[in-house]
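Novice: Sharing the features that Swiss-Prot gives for it:
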type	residues	note
ACT_SITE	Cys411	active site
BINDING	53-54, Gln131, 177-179, Glu197, Arg202, 243-244, 264-268, 274-275, Tyr323, Gly493	NAD(+) binding site
Amino acid sequence: MTQTRRDNSRIIRAKHGSELDATHWAAEAPLRMLMNNLDPDVAEKPEELVVYGGIGRAARDWESYDRIVATLKRLKEDETLLVQSGKPVGVFRTHKDAPRVLIANSNLVPNWANWDHFRELDKKGLMMYGQMTAGSWIYIGSQGIVQGTYETFVEAGRQHYDGDLTGKWILTGGLGGMGGAQPLAATMAGASMLAVECQPSRIEMRLKTGYLDKSATTLDEALEIINAACAKGEAVSVGLLGNAAEVFPELVKRGVKPDMVTDQTSAHDPANGYLPAGWTLAEWDEKRESDPAAVEAAAKASMAEQVKAMLAFWEQGIPTLDYGNNIRQMAFDEGVTNAFDFPGFVPAYIRPLFCRGIGPFRWAALSGDPEDIYKTDAKVKELIPDNPHLHRWLDMARERIHFQGLPARICWVGLGERHKLGLAFNEMVRTGELSAPVVIGRDHLDSGSVASPNRETEAMMDGSDAVADWPLLNALLNTASGATWVSLHHGGGVGMGYSLHSGQVVLADGTVEAAERVGRVLWNDPGTGVMRHADAGYEIAKDCAKEQGLDLPSV
């Protein structure tokens, strides 16, 4: 069977408007969102089906993509398409309230859950890496992580700088699909940012989409811009063309002191996502094909040097955090025994939100009309009137975030709020206030949908960091609740062997039946997050469960 991974002739964009290519909206929705993942304004390498995160793909190969598209176009209202690591493998009769698509990506039996075995299967065409929202068809560009990054920086500012990041600057690495959100999140939070990125195309994309203010080609130039802005109390973001493994140690050597340090390089995938120190991009590209083991070894050695620099900042009292790319683990494996001295961002800043089921709720307008998103923004403010922080976020998002592909919005809301918003959006579709249906989903990075001991479930108070039952239960419950498509993935964010996670997307098409599904899914999905944290002993989660009337027999 022919398998084509690269096709430069392909330019994919989702259909806009109310005319369907599928036979009904529940199949049209995943069709448009799959295509949206591969829009050139959205994906990192759309010609290779790569959406973000190293080699996070939307489909296994172009032949599989074409078969998925053809199948969705003919899928009946009582049928379910099964997708195995980016390849459509079956259509079965279920019922109208069942998911239209069920997706399993990158899942390996634990003893074989490592990059070496994955790469063997990947090379044979038997598997693909789905990341989190790449293979589950709900990536919305860098906006998808902007608010989570913003919330992290704001909370860090509260904890370390009395809530004021004016005149402060953050050092980071990586401006890919996820890391590209950092500069905008920083300036929204009031801080400047120096972001080190080795690929010029990524800097150019972040400048083009408004996520980055300026670029620099030398460290001196970048520091001059940062220092000038901080002196004036202004917030500016600078993308420095360079290698984080070289720039971080150089800053330590010079005695330069950022006010916060983190990293979002694709360290989770050392063979494909991290440029070794001293290497050119051309050498890196060639060696990834000819000698991936050498690339991985050199990349891990370079990560160790970067983490040593991060530890040096931490030891000087500078807030330093792992932003979930598993770089500490890579350094630890290279002999940096104190790599975990500085914390991950979830236990340091985000877990109290997870305890209340608050996480990255997102929706996209299938019409392609930005006005549909602006109307839903107003509806969120109307239904959640007493949250000025959320209102400020929505105002900033409208002003500063450029839509990529289909217009979309993200805002962090929790149990008791998500279902109200979803039902309101469905009603707006029914009355014609919105010009076409919307899809409502989230990142896999959420309170009840992931087991990842070096990220979302790091340092759980009961020691249950590695218990992977929770994302499985989340996926099963969302399937039973009637989500339009449900996904279960392995290895997203932190790489093979380090995470299991699930996702859901539900369609609001204005029908009574959709309202029932939306209400169930958007209550149950965040409810599993409160359940998971209450079960682990967090009092905030127990209180939330009691307030919301959750039935948790063991709590």
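Here the Cβ of each residue, glycine as well, is placed from N, Cα and C on the backbone.
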Novice: Quick one: give me the count of other CB atoms within 10 A of the CB of Cys411 (active site).
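Specialist: I count 21 other Cβ atoms within 10 Å of it.
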Novice: Among all protein chains shown, how many Cβ atoms are found within 10 Å of the Cβ of Ser266 (NAD(+) binding site), not counting that one?
Specialist: 28
Novice: Counting across all protein chains present, how many other Cβ atoms fall within 10 Å of the Cβ of Glu197 (NAD(+) binding site)?
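Specialist: Taking every protein chain into account, the count is 27.
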Novice: Work out the three-state DSSP category of Glu197 (NAD(+) binding site).
Specialist: strand
Novice: Reported as an integer number of Å, what is the Cα distance between Glu197 (NAD(+) binding site) and the residue listed as 'active site'?
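Specialist: For Glu197 (NAD(+) binding site) versus the residue listed as 'active site', the Cα atoms are 27 Å apart.
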Novice: Which residues, sitting 6 or more apart from Ala244 (NAD(+) binding site) on the same chain, put a CB under 8 Å from its CB?
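Specialist: Counting only residues 6 or more apart in sequence, the Cβ neighbours of Ala244 (NAD(+) binding site) under 8 Å are Gly173, Gly174, Val196, Cys198, Asp263, Thr265, Gln306.
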Novice: When the Cα of the residue listed as 'active site' is compared with the Cα of each of the binding-site residues Gly53, Gly177, Ser266, Tyr274, Gly493, which one is closest?
Specialist: Gly177
Novice: Can you tell me the three-state DSSP label for Ala244 (NAD(+) binding site)?
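Specialist: Once the DSSP labels are grouped into three classes, Ala244 (NAD(+) binding site) ends up as helix.
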Novice: Counting every protein chain present, what is the number of Cβ atoms, excluding its own, within 10 Å of the Cβ of Gly177 (NAD(+) binding site)?
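Specialist: Neighbour count, Cβ to Cβ under the 10 Å cut-off: 29.
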Novice: Among the binding-site residues listed here, Gly53, Gly493, which has the most company in the form of other Cβ atoms within 10 Å of its Cβ?
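Specialist: Of Gly53, Gly493, the one with the most crowded Cβ is Gly53.
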Novice: For Gly493 (NAD(+) binding site), what is the secondary structure by DSSP, using just helix, strand and coil?
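Specialist: In the DSSP reduction, Gly493 (NAD(+) binding site) maps to coil.
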